[in-house]
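Feature list (source: TrEMBL):
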TRANSMEM  A:12-33  transmembrane segment
TRANSMEM  A:65-82  transmembrane segment
TRANSMEM  A:94-115  transmembrane segment
TRANSMEM  A:121-144  transmembrane segment
TRANSMEM  A:151-174  transmembrane segment
TRANSMEM  A:241-271  transmembrane segment
TRANSMEM  A:283-305  transmembrane segment
TRANSMEM  A:311-329  transmembrane segment
Amino acid sequence: MSALRPRRRGAGVPAALVVAVLAAAVLSVMIGAKTVPPADVWHALWFPGGTENDIIVRSLRVPRTVLGVLAGVALGVAGALMQGHTRNPLADPGLLGVTQGAAFAMVLAIIVFGVSDIYGYIWFGLAGALIASVGVFAIGAVGGRGGPSPLTLALAGTAVSAFLYALTSGLVLVDEQAMDVFRFWQAGSIAGRGAGVAWQILPFIVAGLVLAMANAPGLNALSLGEDVARSLGRNVTATRALGITAVTLLTAGAVAACGALAFIGLIVPHLARALSGPDHRKLVPYSGLLGAAALLLADVTGRILARPGELEAGVVLALLGAPFFVMLVRRRKPVRL
Amino acid sequence: MTGVRLPHARPYRAGRVSWLIRPRGVVAGLVGLVLITALVALSLRIGDFPLSLAEIVDSLTGTGGNHFVVVELRLPRALTGVLVGAALGLSGAITQSIARNPLASPDILGVTSGASVTVVAVIVASGTVYGGASGPLASVGVPVAALAGGLAGAVIVYSLAWRRGLDGYRLVLVGVGVAAVFTNVKYWLMTTGDVNDSSRAMVWISGSLSGRGWEHVVPVAYALAVLVPLCLVGTRVLSALRFGDETATGLGVRLNTARALLLLGAVLLAAVAVAAAGPISFVALAAPQIALRLAGVAQPPLVVSAVTGAVLTSAADLAARTVFAPAELPVGVVTAVLGAPYLIYLLVRARREARS
């Protein structure tokens with residue numbers, strides 16, 4: 001119980017996080033192969049004309065930034081929920097087979113159906129992610145009452161993920177074109193997706209966020225143990241099902257569009273937990289904001305580091321974020337799940 | 001201790017030493033050994049060149065005309081599979097017990113991810129600079145790079161997680177962070193090179209037993225001969241750790257020393273296995289979980305985990321080289337295809353039993 005340090009904080013932390021996301025978004029619109037000065041950004045956003053900067057901002061930078069915010073929020077929130085439900089610090093949002101389901105469906109789409117444009121892959125990725133997650137939940141629920149236990153879910157998810165990953169790697173080894181798409185998808189990036197992609201995944205992410213916020217109080221009760229939650233009047237099965245639906249929608253949307261970035265959802269909640277403590281009503285939104293800020297900053301840094309080319313956001317995030325995370329883990333006593 | 005009855009175990013005592021025998025675990029282990037023998041025999045028989053049992057016996061004793069095929073090609077490959085599988089299974093069992101987490105595997109110790117990133121770097125660099133890794137670089141360079149990378153990864157995780165002792169929870173978190181760096185650098189390296197290099201790197205990262213000879217068997221066998229007995233000594237410590245740090249200390253376990261030594265054992269086992277065959281996926285994670293369900297115990301049993309790992313890997317390799325013959329899959333692709341459904345079946349069965 002030492003984790004429950006009673007510490008009163010006002011609106012400071014959420015406000016700071018919102019400012020961080022906005023600042024990261026501004027940087028993301030300004031910085032790139034061609035730097036666009038703030039005045040031109042303002043002009044492009046409100047009084048678009050036909051200048052070069054207007055086109056860069058409106059057709060490239062803004063869609064990319066919006067996608068980064070969507071994916072970052074989605075993965076941060078999904079990670080917080082997943083770790084809360086499984087009570088396992090190793091749980092990432094892809095744990096229930098979502099990431100590998102998306103990967104397998106996309107590779108299958110390329111090899112079997114000859115799909116070659118990104119809008120096509122994404123539908124397959126979303127479908128694969130949803131099917132895999134439902135499958136894992138069904139395996140966990142087979143033959144038992146009262147919904148699957150977190151341990152069964154985690155193990156079943158890991159098994160299904162490993163199975164799908166094996167099939168995917170078998171497929172990409174025989175098809176060079178699929179390998180070429182897969183290796184870039186695997187590294188994770190929000191570059192070059194266009195505004196259409198953000199619209200494609202928006203409904204999934206909005207629905208997921210609504211469910212996630214509805215799930216947070218129930219998750220607090222569950223973290224006291226299933227028996228206590230039950231005696232507090234919570235329906236454990238319904239709470240779990242709600243949380244897992246939210247995680248699936250959020251992760252499927254983010255991963256199908258941006259690649260295997262699910263480890264943002266692994267690390268960000270641990271960072272957010274240091275700010276929020278164990279209360280999921282705070283942890284869930286904090287994780288979302290932190291996820292968005294982290295993904296955007298990583299993306300911007302990737303554009304600066306490898307100018308005029310870019311480094312994938314996933315790689316930068318791991319290179320910069322993970323050492324920071326390790327340092328944090330070493331310096332403080334971690335807030336346990 | 002007289003009068004104490006344990007439901008699934010029988011205590012034996014000889015002088016000052018006493019131990020528990022769990023019949024179900026013993027049966028699981030023995031069945032596993034029989035399966036390993038059968039699988040090795042099968043993999044000696046099956047191939048481009050099917051042989052009868054009599055011909056194999058002849059070749060092993062040195063008289064048959066198929067000596068080269070059996071003794072130089074098939075036997076070392078089969079033995080590498082068995083030994084590597086056992087090492088990974090045991091390493092996984094130790095890691096999961098210390099981290100008290102069924103999702104833990106040597107990946108979080110930095111071994112497999114460290115080895116992967118080093119080897120992918122070697123393959124990608126040599127591919128574009130020297131026009132394809134072959135000969136000495138492929139046969140010597142890759143295993144050495146894997147061993148060095150794996151140990152370096154483990155040292156990094158170990159030293160970052162050590163802070164007045166080794167806490168299981170902190171170890172997991174640090175391991176996650178370090179593995180994230182390695183894994184993503186690996187992905188990035190795969191996007192930089194030629195797509196053919198990416199494919200070859202992918203084969204290695206999946207884990208492959210293709211073309212393994214005696215030079216791979218011997219080091220793994222030596223390492224196992226030393227490390228397995230040492231790790232088995234730690235069984236008592238691991239079963240005490242399950243009850244929490246305080247209880248384990250109360251039972252007279254020197255927590256930090258014991259944990260550090262056992263983890264060192266797990267790291268070395270995984271590093272040797274990875275150097276020989278690549279990070280064969282899923283074995284280290286699944287074998288302990290399958291073993292504990294087969295043996296009917298609460299915590300990964302070390303010997304049964306090693307046996308399960310060996311069975312899983314040998315069966316997978318047999319399938320990998322026969323199902324699509326003459327084409328061959330990396331063994332790591334098949335381990336999950338075989339192991340995952342079985343683990344799922346065990347999970348479902350356990351829930352059925354719990355209900356009835």
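Placement of Cβ uses the backbone N, Cα and C atoms for every residue, glycine included.
What you see is a predicted model, and the numbers here were worked out from it, not measured in a lab.
A Cβ distance under 8 Å defines the sequence-distant neighbours of the transmembrane segment (A:241-271), meaning residues of its chain 6+ beyond its ends; these are 67, 70-72, 74-85, 89-94, 96, 98-99, 102-103, 106, 121-122, 125-126, 129-130, 133-134, 137, 147, 153, 184-190, 193, 197-198, 200-202, 204-205, 207-209, 211-212, 214-215, 218-219, 283, 287, 290-291, 294-295, 312-314, 317-318, 321-322, 325, 328-329, 334. Using a Cβ-Cβ cut-off under 8 Å and counting only residues 6 or more beyond its ends in the same chain, the transmembrane segment (A:12-33) has close neighbours at 41, 56-57, 60-62, 64-65, 68-69, 275-276, 285-286, 289-290, 292-293, 296-297, 299-300, 303-304, 307-308. Nonlocal intrachain contacts for the transmembrane segment (A:283-305), taken as residues 6+ away from its ends with a CB within less than 8 angstroms of a stretch CB, comprise 13-14, 17-18, 20-21, 24-25, 27-28, 31-33, 64-65, 68-69, 71-77, 79-81, 84, 189-191, 209, 212-213, 215-216, 261, 264-265, 268-269, 271-273, 275-277, 311-317, 320-321.
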